Structures are given as structure tokens and as C-alpha cells.
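Have a look at the structure below, then the notes.
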């Protein structure tokens, strides 16, 4: 446990050493809050709630999360520190988990910094705090799954741009599978049980269900198993090609 | 302490390291030599369990590098080629991080850090971020990182690469100083370094172990080994030369046309590489040749290296 904490500490410190972290947080806040007010027309909705705010997260994360995760392994490879990291007395899976967790925590920090939105709706009316809480939880879990996928693509290639594009494509696919428009198209061709199966693989479906204020164990299992699976694949890939 | 057993690494159809076996004991400094791409780094990476061998294995302090890799990593201090480190950390932060991952408590950490910073003379730069340091300091940071847990086994991949002569000297001094209670394996392609530092050298070529022995014994591969070189004021005539060749232990005599100031330089080759210095000396005294210089050649490592890694042709 001790080595993992040391690794996570270093990773988190590493984010705040570079201006990239601050730029990321600023862009994160501008895009999440901006989309709520300008795209979502928050004031016109006449609702003291954060539905509109959370509505855009699957789309915004599509670019924000891969941007955070794309360098996770590529940088270690390019600077040669991967050799240092994997000759320290810490197991592969522990290293993978530490790096993932610290990136996830970083995203969590960015998410927490959107708290003025919560204050705003508290000021404007009486929002359902339970729904807000589960929405935040859903958003954080979804960010974790995006991140796990980005970890895998980052381990696949030394090139950060390729890693970014790959993870955007994979995440986009998983978002679209549960998108209303796409599901309508599927419904026209296939029986509805098929559409249900397909959409159950989508982030959108599970995220929307958590956003309604219900924490269903199936949704939790979905997100956590994608994260777990992603990390295991990540470790396997690294084990196979860490020296290349 | 280290037993390497038929260690092999293949990349597809390319064999980077081919069934290498050797043992290293405590107190020994073992030098790895070989041309670039011979498999030195690959072997070291397998020993530090960074990459997994295709077949064969090795044991370090009795622990298997494949099945017990975490235990092996605890015992090994490793300086990878070009000494990678996290460049945006300061020296102290970086070493602190390594000490934490190696599981030291707060008190131990402080003591270990102090010792290693002193040992590698990093006091002056300890609060500087690593990317502002010169190559020599970066190398020393890598060194410090490998030494922090006072490991019984040190594996150093080109520890003096890119250093100036003073820094090289310093690093060599450090290695020698630690040698008694450790096992040290280092790779280099600087031959003088190997001669100056190592008790034993292994030459690897195209993944194969081609020589294993003390620098002295490797020199015996040299054509010039135990050859006596004479510098004479004037060249002896044919008959006198034949007398010299007629000596029991002398194989042949070669005149070197490169003598300066009309001096005559000749090389006396012994039979079976034996030491013929006293015999030649005795002969010279008898014949009353005026000798300006006499020297027994120790052989040239460079020549041995070329011979072993390029085949006998050169």
C-alpha cells in the first residue's frame, strides 16, 4: 500500500507542477459551465436543478478525459522512466492502479471545482440535493471509465495524438450506442430487445439512469467493471510491450 | 550471489541474448563489454526483471528473477542507460519519491537520503529541478537513486557514459569504494574503464557470450601479449638477428620500420605467449647490443575486443 501512495502522490504532484493542469481545469470549468448557460440555456429552463449541466458531460468528457490520460504511459516511455518504474519493488497492477487513480482524483478535483453551479441553484430555488449528488457520482464514474479506456490507448502507443484519437473513437462509440437518435434508428431495423442489449453497453444509458437519482447496482457494476477491465488490459499491454 | 542460467531473449526471429550463463560472487565487479546492440542492456534488463526472458532464468541472492521478481527488485539497485528520472522534480523530491516507493519510514528516509546525497556529492543541487542539471549531475542522480536502499546488488548500464574525465574518475572511485560488500555488474564500451575497474569481464557479441575472464586473461588473446619490444640505437645485422631467433623461447622477430631518429624498433614474439623478458635481457647483455628501451607488452584490449567481436580476421 505504501508504495502505491507514494506513486499517487508523485503523479498528483506532477499534474500541478506543470501549467497543463491549470489550463485543463480552466478549460474544464469553462466548457462545463459554458455549455450549461449558452448551449443549454440554463436561465430559460426555469429550473433550479443541474440536469442541463450534467446533460453535456458525456460529450465534453469525450475530449477532456483523453486529453488528460493520453500521456499517462506515453510520457513514461518517451523519457525512459518506465524502466525505472518497473524495476521498483511494486507490482505492475499496483503501478497501473496508482497512475489511474491519481488521474481520476485529478478529474474529481476539477469536477468539485464546479461547485459554484451548486451554489447557484441553491440560491435560485430548492433543488433536489439527492439527485445532484447522484449526478455528480455518475459523472465521476463515467469520467473514470473514459479514463480507463484512455489508459489502455496510452499504453498502446508512444504517440500521444494517436492515443487521443483512439480513445475518443472508442468512447464516442460507447456514448453513441445509447444515444436516443441512434437507438431510434436501430429500433426501425431490429427488434427492441436487440436495441436494449446494445444500449446497455453504452455509457449514456447507465449515466442517465444514475442522473435520475437512482443508484442502481447494475450501473455501478457496469462502470466499475469497465474500469477494472480497462486496468487489467492496460497491465497486460504494458507487460507485453513495456520495453519497446 | 548472481547465477545466470541459459538466459535467452528473442524478439520474433531475432535473438538478442542467446543462452548466456555465468555466476557472479560478492565483492566482484563484473564488466559487460560488447559492441552496440550486442545484448548488454537486454541482459541487464532481464536481470532487473524489467523484461521477461524468453527462456532460461537467473537467481539473485537465491531469488528467481521471473517468479520472485519483487524480491529481486528489492535487492537490486539499477541505473538504466542514460539515467532516466522525473525531470520536473527536484533532486530531493525525486530521491524522496524513490525512497517512499521502496517503503522506508520517515526516519529511515531522512537518513538514507542524507547518506546517498553525500555519497554522490549532490549537496549543492539538491533543491534544483533535475532538468536544469548538467549531464554529469543527472547521471549522479541516477546513481543516487540506485543506491538509496543500499542494495547488495548493483546493476549499472553505462555508468560513465557522457561524463567528463573528472566525473568519470569520481564515479569509478565510488564504484570501487562500494565493491567490497556488493556485487556490481556494469556495462561499458570504454575498454580502459573495464581494465581499470573490473575484476572480471564478459564480452558479449550478437547475443552470445564470447569471453569470460579477468582483464589479464582476456589480454592473453592479444597477439602482442608478452611480446618484448626493443629499441636499439642501430639495427643489428642478419647474423645477430638469427642468433636472437635461435633462442629457445623465441618464435619470431619483427623489425618495425617506424623507429624514430634512425633507432631500430623490433618486436620479439615468444612461443606460447610465455614471458621471455629475462631470456631476452640475458641475450642482450651477452651480445652487448646498445639498448635504448626494452618493454614487455601487456597486449592491447582494443585488439582483443576486435578479435572477439569481429572474428579473427582483424
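Glycine residues also receive a Cβ, built from the backbone N, Cα and C atoms like all the rest.
Only residues 6 or more beyond the boundaries of the transmembrane segment (A:20-40), in the same chain, are considered here, and those with a CB under 8 A from a CB of the stretch are 50, 52-53, 55-57, 60, 64, 67-68, 106, 109-110, 113-114, 116-117. Annotation source TrEMBL lists transmembrane segment at A:20-40 (among others).
Annotated transmembrane segment per TrEMBL: A:52-74 (among others), in sequence order. Residues 24, 27-28, 31-33, 35-36, 39-42, 45, 82, 99-100, 103, 106-107, 114, 117, 135, 138-139, 142-143, 146-147, 150-151, 153-155, 157-161, 163-164, 167-168, 171-172, 175, 203-204, 207, 211, 234, 238 of the same chain sit 6 or more residues outside the transmembrane segment (A:52-74) yet have a Cβ under 8 Å from a Cβ within it.
Taken from TrEMBL, the feature transmembrane segment applies to A:101-124 (among others).
Counting only same-chain residues 6+ beyond the ends of the transmembrane segment (A:130-149), those with a CB under 8 A from a CB of the stretch are 49-51, 54, 57-58, 61-62, 65-66, 68-69, 100, 103-104, 107-108, 111, 118, 121, 167, 170-171, 174, 203, 206-207, 210-215, 219-220, 223-224, 226-227, 229-231, 234. Annotation source TrEMBL lists transmembrane segment at A:130-149 (among others).
Away from its own ends, the transmembrane segment (A:161-182) comes close to residues 58-59, 61-63, 65-67, 69-71, 74, 145-146, 149-150, 152-154, 198-199, 201-206, 208 of its chain (Cβ-Cβ under 8 Å, at least six residues beyond either end). Under the heading transmembrane segment, TrEMBL lists A:161-182 (among others).
The feature transmembrane segment is assigned by TrEMBL to A:220-238 (among others).
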